[in-house]
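Participant: Have a look at the structure that comes next, please.
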Amino acid sequence: MFCLLGLRLLKYITFRTAYATIFAFLLALIFGPFIILRLKKLKLDQILRKDGPKRHLSEKIGIPTMGGILIFFCVLVSLFFWIDFWNIYFLIILFVMVSFACLGFMDDLLKIKRKNSDGLNPRFKIYGQILFSCISVTMLYYFGDEHVSIIYFPFFKSLKLDLGVLYIPFGMFILISASNSFNLTDGLDGLAIGLSIVVTGALVIIAYLASRVDFAFYLNIPNIKGAEELVVFLGALLGGSFGFLWFNAYPAKIMMGDTGSLSIGAVLGMTALILKSEILFAILAGVFVVETLSVIIQVVVYKHTKKRVFKMAPLHHHFEELGWSEMQVVIRFWIIGLIFAIIALSTLKIR
């Protein structure tokens with residue numbers, strides 16, 4: 001679209017990113033109330049875990065889910081005006097976003113239909129994630145930058161590892177892990193989307209640096225040709241996420257649902273793959289990693305000892321059970337997420 005207009009100003013990444021962000025945010029504010037009302041009329045309410053915190057059963061009844069629809073609608077409409085639709089990285093990201101959102105939508109729909117928190121068959125769900133991640137990572141491997149199969153390590157200037165074709169299963173692991181960890185973290189009002197905003201904001205900075213030859217050379221990071229459109233995409237995602245947080249902040253008027261969490265996690269995971277920030281992403285998304293580990297530890301230990309390490313998993317519910325209010329958990333986790341992001345960004349200079 002910006003090429004057709006032929007305006008010099010629209011060739012600047014910073015300008016397009018800024019207005020993609022603003023457009024997506026304003027669209028969310030305008031259409032948010034309408035979408036929330038529509039979801040309520042369709043009775044698409046959040047189905048709560050019966051084994052979750054007891055107070056959630058009374059506080060969160062009747063809140064519509066599938067809020068990911070609001071985010072992605074705003075992102076895509078905004079991008080229509082500001083992005084080069086034929087950029088290969090955008091096409092890959094678009095496939096990831098739509099495919100994982102559809103998988104999450106099916107999961108949400110089945111939960112509502114069955115009126116319990118059991119959605120898609122876990123086997124079917126993981127098969128779907130494997131299929132979509134395999135397609136997208138294979139596309140990246142064959143059509144991506146010359147650095148595509150190389151893993152770069154934070155803190156070390158010249159330490160890197162070329163995985164060759166093994167990068168495909170490695171990338172699939174990153175994508176599926178990111179998708180599921182974001183999904184696990186989406187348990188409190190504003191928690192997952194707030195942390196996603198922190199991660200997205202950091203990736204905007206990394207994408208901008210990687211898209212510039214001068215900055216990439218100075219920081220000794222790969223220069224990714226075409227990454228400038230990722231900056232615009234992430235800007236739109238940032239705006240849509242801020243707009244969603246407007247309605248998802250405590251007390252929430254809408255929940256993200258698997259429609260949003262599975263897809264946003266996968267999208268940010270794919271962005272990390274494109275930007276050659278796979279290891280850095282583990283630091284950047286540190287809260288999500290810890291949340292996932294808490295579930296794994298809880299399940300493994302209980303299976304072998306019948307004892308629980310945490311009062312409840314994921315970790316945010318453990319702190320609720322310790323007496324923290326929902327807002328205390330959310331804001332403190334945001335602060336920790338911001339610290340992880342600062343550490344991750346600082347490694348770019350440490351190299």
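Glycine residues also receive a Cβ, built from the backbone N, Cα and C atoms like all the rest.
Keep in mind that this is a model prediction, so the values were computed, not measured.
Under the heading transmembrane segment, Swiss-Prot lists 17-37, 63-83, 85-105, 124-144, 158-178, 190-210, 230-250, 254-274, 279-299, 328-348.
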Participant: Have the transmembrane segment (17-37) and the transmembrane segment (230-250) got at least three CB pairs under 8 Å, pairs 6 or more apart in sequence?
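Facilitator: Since 3 or more Cβ pairs under 8 Å link them, the transmembrane segment (17-37) and the transmembrane segment (230-250) do come into contact.
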Participant: Suppose I define contact as three or more CB-CB distances under 8 A, residues 6 or more apart in sequence; do the transmembrane segment (279-299) and the transmembrane segment (124-144) meet it?
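Facilitator: Touching, no - the transmembrane segment (279-299) and the transmembrane segment (124-144) miss the threshold of 3 or more Cβ pairs under 8 Å.
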Participant: Six or more residues out from either end of the transmembrane segment (230-250), which same-chain residues have a Cβ under 8 Å from its Cβ atoms?
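Facilitator: Hits for the transmembrane segment (230-250): 13, 16-18, 20-29, 32, 36, 67, 70-72, 74-75, 78-79, 82-83, 89-90, 93, 188-190, 193-194, 196-197, 200-201, 203-204, 207-208, 211, 224, 256, 260, 264, 267, 271, 274-275, 326-327, 330.
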Participant: Between the transmembrane segment (254-274) and the transmembrane segment (85-105), do 3 or more CB pairs sit under 8 angstroms, pairs being 6 or more residues apart?
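Facilitator: Per Cβ check, the transmembrane segment (85-105) touches the transmembrane segment (254-274).
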Participant: Could you tell me what the rest of the chain brings near the transmembrane segment (254-274), counting residues at least six beyond its ends with Cβ under 8 Å?
Facilitator: 32, 35-36, 39, 46, 60, 63-72, 89, 92-93, 96-98, 100-101, 103-105, 107-108, 119, 129, 132-133, 136-137, 140, 144-145, 171, 174-183, 185-186, 192-193, 196, 199-200, 203, 207, 224, 227, 230, 234, 237, 241, 244, 247-248, 280-281, 284-285, 288
Participant: Taking contact to mean three or more C-beta pairs under 8 angstroms, with sequence separation of 6 or more, is the transmembrane segment (190-210) in contact with the transmembrane segment (328-348)?
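Facilitator: These two segments touch.
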